[in-house]
Amino acid sequence: MSPEGKRLLNIIVLGFGFMFMFTAFQTCGNIEVGTICINFAALRYCSMAIIYGVFSASNLIAPSVVAIIGPQLSMFLSGLLYSGYIAVFIYPYTWSFYTVSVLVGIGAAVLWTAQGNVLAINSTDNTIGRNSGIFWALLQFSLFFGNLYIYFAWHGHVHITDKDRQTVFISLTVISLVGCFLFFLIRKPDPESSPSDPFETPPQCESTESISTATSPCAGLCSQALDAFVKACKMFVTKEMLLLSVSIGYTGLELTFYSGVYGTCIGAMTRFGKDAKSLIGLSGIFIGLGEILGGGVFGMLNKNDRFGRNVVVLLGLITHFVAFYLIFLNIASNAPLAPEGGTDLQAYISPSVEVALLCSFLLGLGDSCFNTQLLSIIGFMFRDNSAPAFAVFKFIQSIMAALAFFYSNYLMLHWQLLILILAGFLGSVTFFVVEWQVESSRRDSDYDSI
């Protein structure tokens with residue numbers, strides 16, 4: 001197999017591994033609020049708030065972990081923590097629920113830092129856009145398959161029984177474990193395409209001083225870990241990353257909205273009928289379809305110079321604004337805070353399942369626009385230091401996601417939508433500024449964007 005073919009195969013395997021893992025985890029996130037409200041009424045949204053809070057803090061050490069044990073083993077061990085989180089819902093207890101929420105937050109930081117590293121070292125300046133699109137499309141198939149199962153399994157169920165819950169979460173745990181083991185199929189890229197060999201345990205530092213003083217392997221690894229941490233801190237305060245942080249922060253806010261809040265709102269609308277609970281799974285399917293379409297289309301259009309990153313982000317912004325407006329008209333403002341029995345209130349139009357599902361699709365499509373372009377521009381700008389760069393990316397995103405899960409407990413729907421509109425507008429403007437700077441600095445390079 002050619003070196004380029006091997007790198008492309010690595011991206012596809014990476015995508016399938018994440019697809020299996022997040023088929024389980026995303027589905028768990030979509031139905032978690034419903035099952036927890038039944039068993040732990042006081043813990044609504046708390047799980048995701050804990051996960052993303054720990055996630056943000058753990059990104060400070062994630063580059064060091066990846067530098068020491070390599071991205072492949074990092075992804076596998078992190079995946080095991082994700083599987084443990086899902087398994088807790090088979091027999092949920094409050095203490096285990098809080099414990100695994102903390103652990104999966106740590107695992108998430110290491111997982112996504114390693115993912116960004118694998119994506120960058122298996123891409124060139126000409127293929128980073130294409131590979132970002134391929135990975136994103138495969139990842140978002142997770143929303144389709146898991147929620148399709150939930151829709152048919154829970155169709156017509158007003159109350160989710162313990163047996164229903166146990167069957168679902170046992171299946172999801174097994175699926176997540178399959179994704180973990182797929183990471184071992186990723187092969188290291190050829191040396192000429194990657195100056196460092198991240199798939200082997202990093203060697204000891206071999207400076208003149210260390211050789212002459214016979215520095216221990218432990219000291220070499222500690223030095224490498226400290227170097228990765230310092231790089232991440234310095235990268236965070238660069239002008240480009242500070243500008244991109246607004247765009248990244250917006251993806252964290254809307255991640256919380258489409259993955260947790262919006263599904264809860266649909267499930268709380270009693271005017272949708274007795275199948276409102278099963279509509280949560282159907283909404284997840286339509287979000288996944290939007291994500292898959294966005295990742296696939298922008299990947300295929302990678303070589304079209306007219307279809308630059310700014311155009312895609314602008315498309316994402318317009319798509320989200322349309323979705324927010326329709327949600328404002330269709331969903332009652334108290335839906336995010338409604339009790340388990342739901343809400344009988346009506347918004348500005350007669351509640352429509354079709355409009356609600358259209359909004360789900362638009363939320364997914366817009367999210368893919370922002371995330372594929374952020375993956376592409378960060379992978380291009382920081383290719384030589386991809387692990388620290390993607391750690392900073394996830395650090396910012398997870399902080400904002402945790403913040404959004406926190407305020408979702410208190411704010412009515414219209415205030416949450418207003419926050420998203422303002423953040424989306426500012427995030428798009430700052431992304432345009434960075435992209436224009438990148439374009440002006442690479443006039444003579446063979447730069448490819450999706």
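Keep in mind that glycine also has a Cβ here, set from the backbone N, Cα and C atoms.
Marked as transmembrane segment by TrEMBL: 7-27 (among others).
Feature annotation from TrEMBL assigns transmembrane segment to 67-91 (among others).
Only residues 6 or more beyond the boundaries of the transmembrane segment (97-121), in the same chain, are considered here, and those with a CB under 8 A from a CB of the stretch are 10-11, 14, 18, 36, 40, 43, 46-47, 50-59, 61-63, 65-66, 71-72, 74-75, 77-82, 84-85, 88, 128, 131-132, 135, 186, 189, 193-194, 196, 198, 375, 378-379, 382-383, 386-387, 389-391, 393-395, 398. Residues annotated as transmembrane segment in TrEMBL: 97-121 (among others).
Look at TrEMBL and you will find 133-154 (among others) tagged as transmembrane segment. Tertiary proximity for the transmembrane segment (133-154) is limited to same-chain residues at least six positions away from its ends with a CB under 8 Å from its CB atoms, namely 8, 11-12, 14-16, 18-27, 30-31, 119, 160, 164, 167-168, 171-172, 175, 277-278, 280-285, 287-289, 291-292, 294-300, 302, 364, 368, 371-372, 375, 450.
The annotation transmembrane segment is assigned in TrEMBL to 166-186 (among others). When Cβ-Cβ distances below 8 Å are used as the criterion, the transmembrane segment (166-186) is approached by residues 10, 13-14, 16-25, 27-28, 31, 72, 75-76, 79-80, 82-83, 86-87, 89-91, 118, 146, 149-150, 153, 199 of the same chain, each at least six residues removed from its ends.
Summarising the annotation, TrEMBL assigns transmembrane segment to 241-259 (among others). Within the chain, the transmembrane segment (241-259) has long-range Cβ neighbours (under 8 A, six or more residues past its boundaries) at 26, 29-30, 48, 52, 235, 287, 313, 320, 360, 363-364, 366-367, 370-371, 374, 377-378, 389, 392-393, 396-401, 403-405, 408, 416, 419-420, 423-424, 426-431, 433-434.
Within the chain, the transmembrane segment (279-299) has long-range Cβ neighbours (under 8 A, six or more residues past its boundaries) at 26-27, 30-31, 34, 129-130, 132-144, 146-151, 154, 258, 262-264, 266-267, 272, 307, 312, 316, 353, 356-358, 360-369, 372-373, 450. If you look up TrEMBL, you'll see 279-299 (among others) marked as transmembrane segment.
What TrEMBL lists as transmembrane segment is 311-333 (among others).
Annotated transmembrane segment per TrEMBL: 345-366 (among others), in sequence order.
Annotated transmembrane segment per TrEMBL: 387-407 (among others), in sequence order.
Residues or ranges marked as transmembrane segment by TrEMBL: 413-434 (among others).
Three or more CB pairs closer than 8 A are found between the transmembrane segment (311-333) and the transmembrane segment (345-366), so contact between the two stretches is assigned (pairs 6 or more residues apart).
Across the candidate stretches 7-27, 345-366, 387-407, the maximum count of CB pairs under 8 A to the transmembrane segment (413-434) is reached by 387-407.
Sequence-distant contacts of the transmembrane segment (345-366), counting only residues of its own chain at least 6 positions beyond either end whose CB sits under 8 Å from a CB of the stretch, comprise 140, 143, 254, 257-258, 262, 266, 269, 271-272, 279, 282-294, 315-317, 319-320, 322-323, 326-335.
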